[in-house]
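So that you can see what the record holds, here are the features copied from TrEMBL:
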{"type": "REGION", "residues": "1-280", "note": "region '2-C-methyl-D-erythritol 4-phosphate cytidylyltransferase'"}
{"type": "SITE", "residues": "53", "note": "site 'Transition state stabilizer'"}
{"type": "SITE", "residues": "63", "note": "site 'Transition state stabilizer'"}
{"type": "SITE", "residues": "203", "note": "site 'Positions MEP for the nucleophilic attack'"}
{"type": "SITE", "residues": "259", "note": "site 'Positions MEP for the nucleophilic attack'"}
{"type": "REGION", "residues": "281-448", "note": "region '2-C-methyl-D-erythritol 2,4-cyclodiphosphate synthase'"}
{"type": "DOMAIN", "residues": "282-432", "note": "domain '2-C-methyl-D-erythritol 2,4-cyclodiphosphate synthase'"}
{"type": "BINDING", "residues": "287, 289, 321", "note": "divalent metal cation binding site"}
{"type": "BINDING", "residues": "287, 288, 289, 313, 314, 335, 336, 337, 340, 341, 342, 343, 344, 418", "note": "4-CDP-2-C-methyl-D-erythritol 2-phosphate binding site"}
{"type": "SITE", "residues": "313", "note": "site 'Transition state stabilizer'"}
{"type": "SITE", "residues": "412", "note": "site 'Transition state stabilizer'"}
């Protein structure tokens, strides 16, 4: 670790010092944020534990295989990671003795409950650090960020996953190698030896650390390789990087993100069964714009050269405006006129894709995961059909959805109304989403 002067503390081997210097120099000369695609992430779900405490209490199966809400405990974390747009896949690490059972579960669940991203089942090692290292080995090289999570934390939320990734992206350029979630310690903590109190640390400087922990993949991978050479034993990945002197930051955790460790923790599964189900949301959006001297036509972010011009304060993309309103409808947040008023000069001529990205940020902050989008363009001119697929794919890109989750239709009003008179254009959008539960199943804060 580093001291207050930024120097590596004594106690590390010469090889460790050389390793640290090499990684720090490469991280400084070309920051992780620039050299790695941190917007592409994989998750490792550590499910290779032995469940010794629950086993001693007579539990007939390891906790990662406990059936809760019709699926094994580990699958709940897989589902949540898959709902975060930046996630490209999940690795689940199983004990050697349960690897075949784990593979069979993954194969079955992928067929019955496909999360939409690849899920790999691999064999773990004797220690948690060995399991993480083996999980890292199968992640595609182009992945820049990795999140490590305990399968015994099934109350994970997409909001927390998103927050960890965003914090890593924000601080990686300044040398941060990892971000871990933590919550304040509310109880007084005592240092004890042989039953005698030896000290009382200041709880104001303490946090209870959770998972998922987010890391720059290249640094974590090399750190684990070095850990093998040095034969170190570490309690988690953050402590490994701390030992090597890398910067690890704390970000706000989630009190609901309880870990199932002891037999009495099982009541959380029972108490939360009715409350941990994502809530479906539907939003509707509608927008119109007049034709006339103004701005070149854009629909869904696609330019239509030669089409009628649009009278608008922004770029006049009627389709993205309707879509943004539908997203805000899922959040109960009014419309884009409230967020981006046409009296504000900052939004004059602005690309509507920028406005949409601002709304999507609110969507992620609100714990929403988009599931489907359906839009309809009503206009006499121009003809939409020849470019409908182009619009659909661009909407999927902007929303970070698969094209199969986006529907685009277009039609006329048979010469009736202002669209039939070629005086303007209108668009409608419907969005469906899932909202993460906002209430803790019980009060887990009492357990930290």
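Here, residue 1 is simply the first one shown, and the rest follow in order.
Backbone N, Cα and C atoms are what each Cβ position is placed from, and that goes for glycine too.
Features recorded in TrEMBL, as mapped to the structure shown.
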residue: 203; record: site 'Positions MEP for the nucleophilic attack'; CB count, 10 Å: 13
residue: 259; record: site 'Positions MEP for the nucleophilic attack'; CB count, 10 Å: 18
residue: 287; record: divalent metal cation binding site; CB count, 10 Å: 24
residue: 289; record: divalent metal cation binding site; CB count, 10 Å: 23
residue: 313; record: site 'Transition state stabilizer'; CB count, 10 Å: 18
residue: 314; record: 4-CDP-2-C-methyl-D-erythritol 2-phosphate binding site; CB count, 10 Å: 22
residue: 321; record: divalent metal cation binding site; CB count, 10 Å: 27
residue: 336; record: 4-CDP-2-C-methyl-D-erythritol 2-phosphate binding site; CB count, 10 Å: 26
residue: 342; record: 4-CDP-2-C-methyl-D-erythritol 2-phosphate binding site; CB count, 10 Å: 12
residue: 344; record: 4-CDP-2-C-methyl-D-erythritol 2-phosphate binding site; CB count, 10 Å: 11
Spatial separation of residue 321 (divalent metal cation binding site) from residue 336 (4-CDP-2-C-methyl-D-erythritol 2-phosphate binding site) - C-alpha basis, Å: 7
By Cα-Cα distance, the member of recorded sites 203, 259, 313 nearest residue 287 (divalent metal cation binding site): 313
Three-state secondary structure, residue 203 (site 'Positions MEP for the nucleophilic attack') (per DSSP): helix
Chain-internal residues near residue 340 (4-CDP-2-C-methyl-D-erythritol 2-phosphate binding site), provided their CB is under 8 angstroms and they sit 6+ positions away: 314, 347, 350, 355, 358
Residue 321 (divalent metal cation binding site) versus residue 342 (4-CDP-2-C-methyl-D-erythritol 2-phosphate binding site) - Cα distance in angstrom: 13
Residue from 289, 313, 321, 344 whose C-alpha is spatially nearest that of residue 259 (site 'Positions MEP for the nucleophilic attack'), among the recorded positions: 321
Mean of pLDDT values spanning the domain '2-C-methyl-D-erythritol 2,4-cyclodiphosphate synthase' (282-432): 95
Minimum Cα separation from residue 203 (site 'Positions MEP for the nucleophilic attack'), reported as the residue among recorded positions 289, 313, 344, 412 that achieves it: 344
